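Record features (Swiss-Prot):
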{"type": "DOMAIN", "residues": "250-432", "note": "domain 'GATase cobBQ-type'"}
{"type": "ACT_SITE", "residues": "328", "note": "active site, nucleophile"}
{"type": "ACT_SITE", "residues": "424", "note": "active site"}
């Protein structure tokens, strides 16, 4: 098996998007290619067909490679849940909750074993594996326990690309500093520098690139133009850059940016709707008068509920008279009570919810992770696909109407004002999303949008193609293939 490694000078340098683009470019050339990230820290998770949790970014990369996601592509997922702790997902299943010190002490050896086993599995199935690092490989205080950067590259002997974000400023210094910090055996694997998010005159930049290559001895192999892509962010920091401006929007939908927001990829398809403005509001923000509010998923539902109460946002939501949709943790928050008898989210106890639907939630040891294909009851007969990731079990009052043929997946109030579902990816289903939006439009006296079958995955495929088309002229794919050792096949 051949391998390439992509590391970055910092978080948000563009590693994930570069792996996605390379995956699609090699896939288009007929190469059996797969993505890999040994350890990911993110609250955007995806559930594979086997019921394993992996980072959503690796699922996106798998789709770009023309594959169904598998746990081998991301054997370790860390899901931050506040108080400097994270839930450890090892080989797709929960393994415990711990802080950083305990994690490095207790999970390094089993974690590395999981990484090695996953790589061996991918080696047996694919011609090329494109590995992604995390953060920066130059964190000297963490190198001895690093499971996902140059340790992986050394294990595979993988030629490595170093990507940097020039839009932030200081990119050349970031590259120089990163290379100087790396030990000689790791630096020797860095075969190319990729400049990302460039906008401006390449002629003005070229002297700097020439100096960088001469000073470091590593060639600059790509200068990637700035792209406005709707592919998912890996963590919630990207939400702070989403302003929601859209002049032609006829509907405004507010998503409450919970402190521990999870799976905000649920709103990618909604943001792609030309007639919809999605605005993210923090608990201490002003709700305004949107057409609908969405309470998203949360990695720590009770602390986020308490944050809503303490900030006054809970009172704003209760006083709001429009449509509200709760997804997963958001559904639990909308209910009457949340009971955590064993203290999975901290101290044991029962907490009152917002009380907007008659529903009680109890947190239990068993975590449900599964893909779902189900028929919708509202609208009737529409096929819907999505996935569940939750620990709580919710009991609904009989006065609530089931949204799906599996009643536990979601309900709506009799006045069609409060909706709740455990189904992540629900809004990716075109017909269901358009029916829901048309109900909002009807309240405003707006004409109905056409309702077509299909799924957001078709739009995602178009984005993969646009990404590959935009970056192919700026990346020496034949050269990368030669570096990886299979030039004759491309």
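Using the three backbone atoms N, Cα and C, a Cβ is placed for every residue, glycine included.
Secondary structure at the residue listed as 'active site', as computed by DSSP, is strand. For residue 328 (active site, nucleophile) paired with residue 424 (active site), the C-alpha to C-alpha distance reads 7 Å. Per-residue confidence over the domain 'GATase cobBQ-type' (250-432) averages 96 (mean pLDDT, predicted model).
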